[in-house]
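Here's the structure we're looking at; comments come further down.
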């Protein structure tokens, strides 16, 4: 352990009347991986933004290497060696991977133009350092990469600036299992070189594996800092939420209670991405799509939603009354920043976007009913929001996701299609969303969910379809729905069902 | 940091920041003008200013809906001219009032049709509005010049158009009343209708609007149609006011119409802006032109003053946005 490279005293941040950080005292040493834990809205992201220079504190003082600092921009912070990788992806889709990596300070030729050859060399070296050199084509456009690889680009962008304090704000939440390992090795190596790594993550096992020090935040306050391993998971969760949690996933339903078929997908194909996909989804059922990232899971949901052109095969939706072709559905998209929300618009406008018919006549809005409608949704999903008129982008990630869900639930769809709905969300909110989905299923909805989290597939879903190279490699349910089976089907290693194991024994 | 008090929640003002800034700028202009020319404060003069501002005001009302969507309508000048020319042509075709007064309807129909073509090109063919409306503007120009170009056509307004353009009701210029009515309609549409809400949502993110199953295309087409109607209506009022329709009559309204919307705090990227700002912006531009004329400023100085006002105001909004 090195010296305290980072020191905060009495640092606070207020937005209007809301206190995001409340006089925080905090220290971190160089050569350590320091995890920051807390629920959504605990102040973790605000703290990181202060350090990264995107916002300035309302009060208090920050010191780096014992010298007081006041970052007015991310560039100033980077100059002092503080670099942040944010949860929100900020790669420029139309530029190449190499151009994105070198974006902040591109290498120049002697004429002052960007030196593409060196740019590519730099990018190659960084990815090789990260241990993912083979997986990334630095010439490719970022828009062509799946989310997981884009996140790697984001990490490379930060590393190229040689940080002394590296902040990862949920920067691993979109990584697939195969990408997480190299990133973890890289972080350990950086630590050994004397870098301070501040890690925000909701993946507890990642924190257990990586962090040497942990600090817990709650309601904008610094609750406690302890050596990793000094507290049990149970204690940590209690510190984070101030109450014990019993069970993350709700009780699954009995397959006998499932109703009629709601969604029938028959020999669905699309370009070379989807091949002959057939499955059905029944009322009351929660079915998960799993497997390695980018095997066509997202395309299946998009094809079912009618967003893709040139789809072969048939998709049939059955309505609540059993009539064919009348079922309504909602697609809760992967990236709530671009597909799900009108970020600068108010929470109220976002909540009421889908259900305008409920509070308007001949296109004229009844504002009292509109207000009541939005309030009703806020209460139903327990969205933490003070003022319906505040912009939805000011809410925490978990609450934003709740707004997306609320806006769709308001129109009462028969079928719910979800893409990683709990990505980057804290345990408490995750649990609420699981509970909600299970209640919806019990009320007769059919739910199809693409999740990159194996835990979620096992804990939440009644059945999991493992997708490999545009095909359904396995359908796992009941006792066969285990992490081992998911992994082996995802990697095409063959499934071992309990029955087969018995037969072998 | 010592300025903790700044972060306290501010009380809500009845008008938004840009509108307030415009009102302050208008008051400043009145004081500057009034110090040199006392007649500046006379109600007659002010009413006259509002009257000249009404054409700009009506054009910018239509322009605002399009700009709120993140689009732009560059066909304003020749939509105005086409509306006025067609209306006066109908008037000239027959002196009977029940025929000549249908000229107004014909003009509006022309405006709506041009708007429909604009909307279809932008929303359905997905051609950038800046190119598509520039093209339609040129086509209308060509068509009008081809049919009426080189010799005098009927250009006299109808009785009703003249009444709109020059008449008064209860002491108020009718044209001002027309602007007020258009403004009330736009205010109501933006604040109280689902169509108005959809404009803001489509303008913020068309992708999200599409995924949310809002009728994004319909909203875009309808807004271009509304803009076309506003332009044609303003053109006919101008013909009534000036006593005739003439080529290039719409030319001075394109950029000021857009400037009024932007001065009023509406973002050119769409999704943000209040109509009160647009009204204040139109008045500010009109008053600025008038003050400079009264001061007998040379044309070059007028252009500089005009540019400086836009730079200062828009720069101020931009600073304010990056601070918050």
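Every residue, even glycine, has its Cβ placed from backbone N, Cα and C.
Note that the coordinates shown come from a computational prediction; the quantities given were computed from them, not determined experimentally.
Looking at B:104-125, B:192-213, the range tied to transmembrane segment in TrEMBL is B:104-125. If one looks beyond the transmembrane segment (B:132-152) by at least 6 residues along the same chain, the residues whose Cβ comes under 8 Å of a Cβ in the stretch are 72-79, 81-82, 85, 89, 114, 117-118, 121-122, 125, 247. Ranked by the number of CB pairs under 8 Å to the transmembrane segment (B:20-41), the listed stretches B:53-72, B:172-190, B:219-241, B:253-271, B:278-297 are led by B:278-297. Long-range contacts of the transmembrane segment (B:53-72) within its own chain (CB-CB distance under 8 A, at least 6 residues past either end) are made by residues 80, 122, 129-130, 133, 173, 175-176, 178-179, 182-183, 186, 189-190, 199-200, 202-203, 206, 219-220, 223-224, 226-231, 233-234, 237-238, 241, 253, 256-258, 260-262, 264, 266-273, 275, 278-279, 281-283, 285-287. With a threshold of 8 Å between CB atoms, the same-chain residues lying at least 6 positions outside the transmembrane segment (B:253-271) that come near it are 16-19, 21-22, 55-57, 59-60, 63-64, 67-72, 74, 76-77, 80, 200-205, 234, 277-282, 284-285, 309-310, 313-314, 317. Sequence-distant contacts of the transmembrane segment (B:172-190) (same chain, at least 6 residues past either end, Cβ-Cβ under 8 Å): 47, 50-51, 53-55, 57-58, 61, 64-65, 68, 163-166, 196, 199-200, 230, 233, 237, 240-241, 275-276, 279.
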